[in-house]
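**Student:** Have a look at this one before I ask anything.
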Amino acid sequence: MYRLTTRTRAGTATAIAVLVLVIAGMALPAFASRGVIQDLFFILTMLTLAQIWNLLAGYGGLVSVGQQAFVGIGAYAMFAGVILLGWNPVWAIPLGGLAALLLAIPTAYFAFRLQGAYFAIGTWVIAEVTRLLVAQWKTLGGGTGTSLPREATSNILGTDLIRALFSVREAAARDILAYWLALVLVVAVTGGIYWLLRSRLGLALSAVRDNVEAARSVGVDAGRIKWAVFLIAAAATGLTGALIFMQTARISPDAAFAVTDWTAYVIFIVVIGGIGTIEGPILGVLVFFVLRSALADYGSWYLMTLGLIAIAVMLFAPKGLWGLISARSGLHLFPVRRKLVGLKIEGGI
Amino acid sequence: MILRLENVSKSFGALKVTDAVTVSVPRGEALGIIGPNGAGKSTLFNLITGNVLANEGRIEFLGRDVTRAPAMERVRMGVGRSFQIPQPFEGLTVFENLLTAAAFGRGGREADMVDACARILEETELLKKANVVAGSLSLLDRKRLELARALATGPELLLLDEIAGGLTEGECKALVETIRAIHARGTTIIWIEHVLHALTSVVERLLVLDFGRVIGIGAPDEIMASKEVREIYLGLEV
Amino acid sequence: APAIAQGAKIRLGYVSPQTGPLAGFAESDAYNIKAFLDSDAGKNFEVIVKDSQSNPNRAAEVAKSLIVDDEINLMLVGSTPENTNPVATTCEAEGMPVISTTAPWQPWFIGQQGNPGDPSTWKPFDFAFHYFWGLEDIIAVYTGMWKQLDTNGKVGGLFPNDADGNAWGDPKNGLKPGLEAAGFSLTDPGRYQNLSDDFTAQVNAFKAANAEIVTGVVIPPDFTTFWNQARQQGFKPKAVTVAKAILFPQSVETLGDAGHNLSSEVWWSASHPFKSSITGQSSAELAADFTAKTKRPWTQPIGFSHSLFEVAANVMGRVSDPTDAEAIAAAIAATDMSTVVGKVAWNGVGVPPFAAKNVCKTPLVGGQWRKKDGGGFDLVIVENATAPEIPTAGKMEALA
Amino acid sequence: MLLQTHGLTANYGQFRALFGVDIAVAAGECVAIIGANGAGKSTLMRAITGVIRNEPAMVLHRGEPIGALSSAEVMKRGIAMVPEGRRLFPSLSVEENLLIGGQVRKAPGPWNLEAIYELFPILRERRRNPGTALSGGQQQMVAIGRALMSNPELLLCDEISLGLAPVVIRDIYAALPKIRAGGAAIVVVEQDIGKALAVADRVYCMMEGRVTLTAKAADVSRQQIHTAYFGEAA
Amino acid sequence: MIWLDTLVQGILLGGLYALFAAGLSLVFGIMRLVNLAHGDLIVFAAYLVLMGVTLLGLSPWIAALVAMPLMFGLGWLLQTVVLNRVLGKDILPPLLVTFGLSVALQNGLLEAFSADSRRIPAGSLEGASLDLGLVTVGVMPLLTFASAIVVIVALNGLFYHTALGRAFRATSDDAVTAGLMGIEPKRIFAMATGIAMVVVTIAALYLGMRSNFDPSIGPARLIYAFEAVIIGGLGSLWGTLAGGVIIGVAQTFGAAVNPEWQILAGHIAFLVVMLLKPRGLFPRAVD
Ligand SMILES: Nc1ncnc2c1ncn2[C@@H]1O[C@H](COP(=O)(O)OP(=O)(O)OP(=O)(O)O)[C@@H](O)[C@H]1O
Ligand SMILES: Nc1ncnc2c1ncn2[C@@H]1O[C@H](COP(=O)(O)OP(=O)(O)OP(=O)(O)O)[C@@H](O)[C@H]1O
Ligand SMILES: [Mg+2]
Ligand SMILES: [Mg+2]
């Protein structure tokens, strides 16, 4: 007699649109220039990081300022796989996820003892410690950093196929491969988060966010959820880091553990777009990309503008741009509400 | 005995809120708790549910020592509770509130819980509002939701904290009927309430708490007849 | 026909740290690029400048965008290994010819190898070319300066954990073996992090070793911190010869009197006897013109920033198809020209075989900052054994 | 009228806790507000003192709209509150807790440190202790003294007997007449109906965010209160 | 001998960190504001002092005195116009706003002053030292440490012996109830940030005299300042000094083992303290 549904018209439309976009995205390298592919790679990897951070802070209440630790360790693990173990870079990427996962365990053990601002600063310190330790890793160049050897970058799995497929140069084939991987990653991460929110865990996350005490009183294990979210986020961040640095082919501790690039800009994207929604980071990353493309040639003026925009958005649209839009229109592209359908039920979303 | 408290004490700083409480509740009983504001009634609930841990004493549920067990473990064993000040998950709908409780309190797949949740919603007269965000509910509906959510965890022992306070006569009567029905299905109930007539029409025994101590326990008539209790509880000169 | 004769302009990409801590290296970019484009040689060129924000991630990213979006024909880059290495790595992977400078060749070449610790794995590059000097030149110049003084030959080294510091401090490929060969002994307490606030450990180590000379490659704030603490804690070396920290006159001026007679290597100066191949200016004229136009004192990176465009013009003049990366790379390799920083030719002279293909060396001399009477400092060249064509203007003096 | 509310409403987020409450307090008067848990009594106090802000005209002080003022501005007009749960400042000693009450507004009047120590002599002994190290009753005395330090025209007391032993409650209630004698009007919010009726001139009874009974304390019957309180005949 | 020297230098270094951290401690303690722009504000103040020295020809000490009221006003404005509007239970809005401020300040300074390394000239003081028999210490580090103590004593006096300090503590405990006492929490916050900016000016003076600065240098020490504040415990000024000293000593001892360990050792000391006492060494009764 009663049924549970999460379907809405906007949600279905989004699902179709996303499907079309993903298929189009897969086929894009056949038409698009390398510049477009590279811009998209940047957008997709930043979006992945932003979605992950949004999961942490927006849904899990874990405001981490130390995500660069996982980007960095993931990237370094990938380099280690290639340089020390001689793996193909593509196979070394999962190693990045694994390394980040392993690092996340002691990090969580430490940081979960801290609350709020203390948690934020604690994660930052851990990221610094990781950076300084990695900077002592002499075989991977220490503080100097290192580059992927040319025979590794020219031999990346699948590039031959891509070269044959699109008849492009080796470097372009590498871009396409990285772009595809980024596309897979962003779809997997966003889809995974969406699935998570629609699963039992999603209910638990919302419950914990709304009221920890009450959540515990209905049987939700708040601690375990925090652990799960933190570890998942770390592993996914590590994968993303490995992918980003496979594409860059050069690494140094300052680049891999850059708090500005991998955390501050990511926070900017999420918060400007609208935290606690899947739509927010998508909107945010587009805004960030447009700003960057339009202003980056103005040197310090660009960064100054970026800073001032962050301030202005927080003052005038504290829920971010998507918050502004959905408050006006009631639109939710990724519905997670479970509706009870049946007789005698009124009220919408 | 479904629940047994032995010499349970709890202090917040220097303030002793629960003072060597010993009480046993047989399976299937409906026990009422009364006492003045600040007597430690809600704290006693928190001790039973594990939201607060006892300083001393021992708490047994279904024959198992749960004195140190965390709240969520006790929920899964069958301790359901409502909060005196309603604590809905404000961002979730009424139905989702129940679904969360059902999925985690009983431990099952969401899809299997839909009918059970719908039944509870029906019973607590919330069905119409199933898809309304809990943050926008009126006080009455919040109280109903407290009860509904507690039921959704599938409790053997149901703890109700002042769910009739502030309700109109009609609403109160309906509530009493609901609780009776729940009790009739065999659920053990402990109910804290200031609205005495509602309480006494359901419970079999009454426990009086003052300054964290049990100052009387027995049949409602006897307890209500005691002048001491009337004075302490109502604060009115009789 | 040579590329320059054809219609479309040749596109040069240039990555420089216009903002952030390295911005000092980029201060003459606008000046030099304008001078280049205004010159005859520059008519056929377009220069696209991207700001790396002193951030290696950003440097790699803008390099890529120059290659892909702006479809440049040749990449130019300078301003320390933090800037050159990510750009060169990107170009090498992209098959884009790149000419880089203003970083000693060891951190540039070895720093881009997968496993810097294992020389057997090092590989030459196909598209990346570098001209500057190397640590062997530093050793020669520094020891030449120190030998002018009467010291016990004990040297303390300050090497941070960054590309330069690791290269200089490397026990096998760095300063140590060379100094020992020249009769000096090096005390190296270990790699510190940049922007450290305390150098007590180093001061104590140098005191314990009875060092009379301090050397290293130190960023300005760290050097100030070190030098103050050294004096406060009673450590008085006879010579302090460091790179980076006292590169810019502004940095020396921040030291006040304590800047007097500090010494450093000199890669370019207003008194270098070379001429620009594109403007015909002598070093002195270039420096004077820069000061006249910008109201800022000349600095060493100016010459190298200028020379990058000289080399680019020369190389592209010898290429018929500016889109043919292999041909450009071959033309770079075949370069043999004189620039405002000296002769540039990738002929392997003075470079070990593994790097001979990609590295070419420019002359290096030693200089000492002397306080001027009216305030300010002069950089006086005091050592030129390895480059006698550059005249000295004085003798090395011990610190007071 | 010293203070009046007109159709006062208050929300917590989307949840409405007050639905058009009208009350009035004359200068020097003592008014009791009673009602069950959650009736909205504390919310009413918060709305009056500007902790919850409102339309300006919903609260009038001597005829002037103050509904939109901040609590500091309301307080400077001579309306002081003893908040529910006492809420002493834990980092301040007893004496500092008292001093801070009269730090911003210090109108001429009978109340100063000396007078408060006289009213509650035990506080003088404990004046160096941190406020939170006192017993509940003593803390309540500090909270009252703190509100008095500014010599307010109107003193709002939210559940000053909550959780206290009867002897202590007696001591605290004994202070109310002395406070009135100093010239302040008083609003007491109480669940203990007996105590409230004993001190008040008039009484308002609230239920679910509305005033359900307004009466002279002397006239009101237990029956009436019970109905207003529980919504049902006892 | 060496160890004693290392200890003394570490303690003196701790004074510098405490000075960096004192303003942060005030702001963090009173309104739980994580000010990511703190380091950049120090650099900004350093430029202000430098301008006083170069443009007006003042001595650094006088220039700092002149800069103080300006910085106070800036802090007041910043709090009133921007920060007060984003303070709340959620730590993210202030985090993002102060990050934005940090980026904007750094690049504004770069536009205004170029990337040149600057220094506030302190003349003969720079290399001056005192021979204390067992150890030789620099006059400048000693002055820094002494100033840290003076600042902390002064702030403590303000905090515990003035009406304003009482209002600070009360607002920090419970801003709503402070409102009922007639205190405008927002005005108190503005005052606190203003005072923090005065402390920032003092920190800037020493930062600028001790070593070089340029627009990008602000964030580098921010993390030490936070560590010092947290090690000490929220709202405890002496705790902040202790926190600074712990980090300073850990750094010098780490460096004595090997300079590679210098910065790491400071961070590790922080992690260890947090593992043992998650609320810092001298936590307050509340929160
Ligand atoms: N977490 C806590 N920390 C400190 N004190 C507490 C805490 N919880 C309750 N108290 C105090 O314990 C005492 C008893 O509170 P409790 O809520 O158990 O009373 P109650 O009998 O339920 O009262 P009411 O009828 O008002 O609900 C009160 O004085 C209260 O202030
Ligand atoms: N901060 C808050 N957020 C949300 N709801 C609140 C809040 N404070 C109170 N409420 C709700 O508002 C209603 C009125 O509360 P209020 O505290 O005014 O009642 P009261 O009459 O003072 O009760 P008590 O006797 O328990 O003090 C209650 O339903 C309560 O749950
Ligand atoms: Mg209760
Ligand atoms: Mg109340």
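Positions of Cβ are set from backbone N, Cα and C atoms, glycine also.
Whatever TrEMBL says is automated annotation, not expert-curated.
A quick note: this is a predicted structure, and the numbers were derived from the prediction, not measured.
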**Student:** Could you check which of A:15-36, A:301-322 is flagged in TrEMBL as transmembrane segment?
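**Tutor:** Going through A:15-36, A:301-322 one by one, TrEMBL gives transmembrane segment for A:301-322.
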**Student:** So which of A:42-62, A:69-87, A:176-197, A:227-245, A:301-322 is most in touch with the transmembrane segment (A:265-289), counting Cβ pairs under 8 Å?
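**Tutor:** Maximum Cβ contact count belongs to A:42-62.
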**Student:** With the transmembrane segment (A:93-112) as the reference, which stretch in A:42-62, A:69-87, A:176-197, A:227-245, A:301-322 has the largest tally of C-beta pairs below 8 Å?
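**Tutor:** By the under-8 Å Cβ criterion, the transmembrane segment (A:93-112) pairs most with A:227-245.
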**Student:** Could you tell me whether the transmembrane segment (A:301-322) and the transmembrane segment (A:69-87) have 3+ CB pairs under 8 A, leaving out pairs under 6 positions apart?
**Tutor:** no
**Student:** Using a Cβ cut-off of under 8 Å, list the residues of the same chain at least 6 residues beyond the transmembrane segment (A:301-322) that approach it.
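**Tutor:** For the transmembrane segment (A:301-322), the nonlocal Cβ contacts are 268, 270-275, 277, 279-280, 283-284, 287, 291-292, 295.
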